């Protein structure tokens, strides 16, 4: 019965006395896919050119005044804040759709006192005025009353602070203007209630912008901190795999213990935080004024919510328990897997250049990532200024020439035709092609990153295969890595493009489903639709993992035999299925142990960055740049560390996978006799209960 099952996946590989590792005579594979990839990169260049031409990243950093000019730039380089002449005009739900119909000007600082126009014409009254940039309040030829009535200067302002670059009033209690009661153009009293209401709608209008602007500002201010974090991650990852070469058994067992301790500490810390914040989790938030609460986004206060720490506690506890059970059930297999990693370390030791090779794909991926981020920011800031008609009164503009919310032009607008209307900047209108360019940019990131990852896997596979397929392991080809690099670049970049394209398509579909799920959450509460989407996302995640497994082994097979992607994937999959028990028992256990080591590095740096940026490490805070959200560098450094550690740990993971696939083929080709001896080392024979009957090999 077992023989019939094996035949479903093809015949076992026959003995070939001339086979001695990666074939030298080979031809180019999957050329069409290579041409398609190159054409796609050219298209990415076109998208980049459009983004550079139309983008203006400073729009994300600073607000824009009523005339479409960016605060903090050019003539307003020292005026980085936006002031609303009459914030009460924003106290309407339609602000979310139409914007705030009051003049908005750039100022160097937000007002630090309450003031309103009392009808005076003295020099003291003029010095208090905040006016449009083309108006000189000290010009005595102009009447102060006219300046205020015509909207050239603000007729009142209150003590404010900057939130999201806008001057938002501080009105914790009653609003004092001496013993006077002032009214806006709609004859409404200007008091704390109406200003709070205005801030509420402004917060909704600017809410999405605040996150993007805050994060972008954090990256701009703390870029050097991020680079230091990435550098530390790279050094630790390199030292880890270097030690793994010399003391592999100790490092693996140390990783297991460290991972359990790290998970245990995470569970303890999150539980302690939850218990501490329970009942007082909203204390910090309640201390803020109502306006600040409206402008304070969830992202900036996640760490102050007890629910956040409860969820993190449950996650870390589940991880700890699951890993404990897995380690207990696999305890007998772990020793064998550790020995197998030890053999991989010998292969790495024989080809020491493989320890430094991860720098190549790491730098390439970093270049593609920086390109993606740059294009994304430029595309997000691309667009033309859009101006709308704003009526000075809630009753409307009261003129046939202009209707509220109609588009207008600053050059052609005639205020004389409608004194109650003004043409003001509303927002930036993006080109209809921009959303498609965003999608193109994202897919380009996926394809390029997966291509570079596949490139590293195939180069390493060719080098380690050269080590395996020699009897005397001390006589490995001198330039095994360079030769593998040359074969990959010369013959198989098309195969890399083919394999990475498949994974990129699946990943893009997953992103689209995530987007659909996000929209469904906003529009419906249907549990059936949500459940179906969840099932689809889960299936696609499993499909991506399966395809990555197939691709990885296909690259190993291609590195050895030089076949195209489809043939390599078919042959590698058939070989694995004929030996599925060995694959599950040994190969996957070693992958799990290496994954634990990688998580120790990622978790350690993530925890360290959290304590540093949250201010729990004394003496460090004054040397760090001011951040809008201290979680921004923590999240970016942790994610970056994961990719950096993956690049370095993939050396051993690729060594294990390559040696294991070669071992399976060795067992099918040879039987250990004098005519057909095994190529595997003596230690590997001992680990896997194999031996050569009449051949004495050197280790």
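Residue positions begin at 1 at the first shown residue.
Glycine is treated like the rest: Cβ placed from N, Cα and C.
Annotated range for transmembrane segment in TrEMBL, selecting from 162-183, 184-205, 250-271, 272-293: 250-271.
Cross-referencing 592-615, 664-687 with TrEMBL places the feature transmembrane segment at 592-615. The list of residues near the transmembrane segment (309-330) in space but at least 6 beyond its ends in sequence, with Cβ under 8 angstroms from a Cβ of it, reads 256, 259-260, 263-264, 266-267, 270-271, 273-274, 277, 589, 592, 596. Comparison of 223-243, 250-271, 362-382, 491-513 by number of C-beta pairs under 8 angstroms to the transmembrane segment (627-649) places 223-243 first. Of the candidate ranges 31-53, 337-356, 362-382, 442-471, 337-356 has the most C-beta pairs within less than 8 angstroms of the transmembrane segment (250-271). Within the same chain, residues 238, 241-242, 244-246, 248-249, 252-253, 460, 463-464, 466-468, 473-474, 476, 480-482, 586, 589-590, 592-594, 651-652, 655-656, 659-660, 681, 683-684, 687 sit at least 6 positions outside the transmembrane segment (337-356) and bring their C-beta atoms closer than 8 Å to a C-beta of that stretch.
Only residues 6 or more beyond the boundaries of the transmembrane segment (31-53), in the same chain, are considered here, and those with a CB under 8 A from a CB of the stretch are 371, 374-375, 378-379, 382, 433, 437, 440-441, 444, 447-448, 451, 493-495, 497-498, 501, 565.
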